Amino acid sequence: MKQLGKHIILELWGCEKQALDDQPGVEKMLVNAVKACGATLICVKTHKFSPQGVTGVAVLAESHISIHTWPELGYAAMDVFTCGEHVIPEDTIPEIRNFLKPDKVEVIDIKRGIVDIEEVLA
């Protein structure tokens, strides 16, 4: 059996509210997270909501990293989905912690695309 990708979901509670509403800061965090996990960045797009909140995605050659923030709740939801064996999604976590400074982080690990290569190639 082969795993085509790895997907971690991050539930980040008790984050710094100012960081959660900082669009340039969120964009920089995404770029730093891409570098930290060894992925190849294609592009980054962020959007600032009114009155608050930021959504962003880093499109990777290996998949994506996304974030959605709720500053009023001190909460952020993130996805780090990678394909290939050289990218380690968990390596993004220190960069994310450093910027958002969450009190609590829950990591949900999902193995994506479990296939029997020999069966597929037959």
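From the backbone N, Cα and C atoms, a Cβ is placed for every residue, glycine too.
Straight from Swiss-Prot, the features:
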type: MOD_RES; residues: Ser63; note: pyruvic acid (Ser)
type: ACT_SITE; residues: Ser63; note: active site, schiff-base intermediate with substrate
type: ACT_SITE; residues: His68; note: active site, proton acceptor
type: ACT_SITE; residues: Cys83; note: active site, proton donor
Give me the CA-CA distance between His68 (active site, proton acceptor) and Cys83 (active site, proton donor), in Å, as a whole number.
22
Specify the count of other C-beta atoms within 10 Å of the C-beta of His68 (active site, proton acceptor).
16
Relative to the Cβ of Cys83 (active site, proton donor), which residues of the same chain, six or more apart in sequence, are found under 8 Å away?
Leu4, Gly5, Glu62, Ser63, Arg112
